[in-house]
Each structure stands twice: as structure tokens, then as C-alpha cells.
Amino acid sequence: MASTIPIVTLLIVMLSCHAANAQLSPNFYASSCPNLQTIVRNAMSRAVNRETRTGASILRLFFHDCFVNGCDGSILLDDTATFTGEKNAVPNRNSARGFEVIDTIKTNVEAACSATVSCADILALAARDGVALLGGPTWQVPLGRRDARTASQSAANNQIPSPFANLATLTSSFAAKGLSTRDLTALSGGHTIGLARCTTFRGRIYNDTNIDANFAATRRANCPASGGDNNLAPLDIQTPTRFDNDYFRNLVARRGLLHSDQELFNGGSQDALVRTYSNNPATFSADFAAAMVRMGNISPLTGTQGEIRRNCRVVN
């Protein structure tokens, strides 16, 4: 009998380690809000039809939410006279967008299932649907997150990966969230959609040497050496509104827009994986979907933690 005790103890430790994530389930709202996924999908479909960029904007919101104290909807909170949120942190100021889309979805969800579904879960579902609507993969989203009553501008400034980061820094940023280098490279493929501001890639197109000369010249035309900080360029020069593997083809051709993008294919540990993704869209899609689930599992508030916000912009 004595020999079974360590095994039982080990099982208890393993179960306790997974307790937070075990409470997330794709069926969490099956009885309390059975039409949730249809409501979110319909609203996202309308939003993406109005502006294809919305898919990328919502995906970025989810990423920036999860990397700051977990996927808890903290990025959605507005600053007030007595509350400092994350919207004006450097990675989000003048660039985080799509908040009105989340507001619309929340209003629709509240009309069907009052005080039931968290803003954090709505953002997770909306990010998935935005990807799928632009031709990318779909996946089951584990649900059951609750909303934070706090936010951290300092954590947003320090923990969201920078577009200027090198591979070592990116690797450690993702590792700190329990994500592997494979997750890093797969999730970076989200840059197959969306736009970036000149201020985020000016250094790359004027100073980096591992860049295709014609690509640099094209980008300089709309991003001067000084001024024009908010001028926009597509992260994927080939198919900026379609979720595909062209982002990785661009990296192989030294046409990554951000310094951090090209770091994934620059004689380092991720070169082989970038080549794999550039040649095999199915492998990229599968890895991206799996990495999105793992990112969505970062430190969720569950059970009685946090709250179910009535308005995603303010705590109850």
C-alpha cells in the first residue's frame, strides 16, 4: 500500500496544476447561453464585411490582453479619473482598435443572456472568428474565463513583445507565458493580416541589412525617415486581407515588415520552421490554432475570481 502513496500524491499535484485550465471548456455556456457562438460569429461577420482590417485588430487585442496578466479582458477597460487601464500603454496607444466591435457583441450577448458571458470570453471567440472569416483556420475555444477588476499599464508596457525585439528577447517573452518557440513562430503568422504604423517599421526599412532592397524602397515611399508616424503598410505585402501562409514566404524572401518578424528567419533557430510553414499551409494552420488555444489558457480567472462585466469598458 505504501508504494501507492507517491503516485496518488503526484496525481493530486498534477490535477492541482491543471485546475485553472480544467475549468475552461468549449461547452461552458452550452446551457446558460446556447446561442453565444452564433451571436458572436454574426456580429464579427458584419464587422469584417464592413472593414476587413477588423479581423486583425481583434486578433491583436486578444494577444495584447493575454500577455498582460492573462486573458482577462483587462485591455478593454477605459481609463477614468480614478482608474488607469492598458489602452494608453505604449504598445496600445494610437494602435489598439476594435473596441466598438466588442461593445456591439457584448450588447447582443447581454440581450440574449444577461450577466452570463464574460468580456474575456467574447474577445477569445471574436479573435477566432475574425481569423476564420478571413480564410484562416477555426478551432474550439475553451470558455469560462471571468473578467478582471484591475488592469496594469506597467505590465502592458513591459510584457507585450516589441516590434523591435530580437529573437532571444521574443523567445524569453513567450517562455515567460508558458509558450514555446514553435508557438512564437506560429502566432507571429497572425501578421499575415493587418496593418502596421510607420513608426513600428521605420528602423527596419532604413537601417536593417537583411531586407530585400525593392521591398525596402516600396515601404520607404509611404514611410519617410521622419514624420508620417501613423502612415500604414500591410504586414503581408502579398495578401494583406487573407489569412494564409504568405507571411512566411515573405520572411524567406527577406520581406518581413517588422524587425521582430524578420528575426524569425535570420540564420537562427526558427529558420527551418519558417521554411516548413512557407511550404505547408496546413501545418501552419494547425500549429496556429493549437497555439491560439495555449495562449488563451494563460492565467484565466475562473470560478469566483473576477466578475462578469456588464459593460466591457468598466468594472461593475
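A Cβ is built for glycine as well, from the same backbone N, Cα and C atoms used for every other residue.
In sequence order, I75, E86, P91, N92, A96, A156, I160 make up the list of same-chain residues 6 or more apart from H64 (active site, proton acceptor) whose Cβ falls under 8 Å from its Cβ. TrEMBL lists H64 with the feature active site, proton acceptor.
Here TrEMBL flags D65, V68, G70, D72, S74, E86 as Ca(2+) 1 binding site. Contacts of D72 (Ca(2+) 1 binding site) defined by a Cβ separation under 8 A and a same-chain sequence distance of 6+ are given as D65, A120, R145, R146, D147, A148, S299, P300, L301, G306, in order along the sequence.
Proximity of P161 (substrate binding site) to non-local residues of its own chain (separation of 6 or more, Cβ distance below 8 Å) is seen for F67, T169, L170, S173, F174, S260, given in sequence order. Residues annotated as substrate binding site in TrEMBL: P161.
TrEMBL lists H191 with the feature heme b binding site.
What TrEMBL lists as Ca(2+) 2 binding site is T192, D236, T239, D244. Other C-beta atoms found within 10 angstroms of the C-beta of T192 (Ca(2+) 2 binding site) number 29, with every protein chain shown included.
Note: C33 (disulfide bond) has non-local neighbours V109, A112, C113, T116, V117, i.e. same-chain residues 6+ apart with C-beta under 8 A of its own C-beta. Taken from TrEMBL, the feature disulfide bond covers C33-C113 (among others).
When other Cβ atoms within 10 Å of the Cβ of C66 (disulfide bond) are tallied across all protein chains shown, the result is 28. Among the features that TrEMBL reports, disulfide bond is placed at C66-C71 (among others).
The annotation disulfide bond is assigned in TrEMBL to C119-C312 (among others). For C119 (disulfide bond), the same-chain residues 6+ apart in sequence whose C-beta sits under 8 angstroms from its C-beta are G73, L76, I102, K106, D147, R309, C312.
Non-local contacts of C223 (disulfide bond) by the CB criterion (under 8 A, 6+ apart in sequence, same chain) comprise C198, F201, R202, I205, N231, A233. The disulfide bond annotation in TrEMBL covers C198-C223 (among others).
Residues or ranges marked as signal peptide by TrEMBL: 1-22.
Here TrEMBL flags R60 as site 'Transition state stabilizer'.
Ranked by how many other Cβ atoms sit within 10 Å of their Cβ, the recorded positions V68, C71, C113, C198, C312 place C113 at the bottom. When the binding-site residues D65, D236, D244 are scored by other C-beta atoms within 10 Å, D65 scores highest. The Cα of V68 (Ca(2+) 1 binding site) lies closest to that of R60, out of the recorded positions R60, H191, D244. In this structure, the CA atom of T192 (Ca(2+) 2 binding site) is 26 Å away from the CA atom of S74 (Ca(2+) 1 binding site). Within 10 Å of D236 (Ca(2+) 2 binding site), counting C-alpha to C-alpha distances, fall the following of the recorded positions R60, C66, G70, H191: H191.
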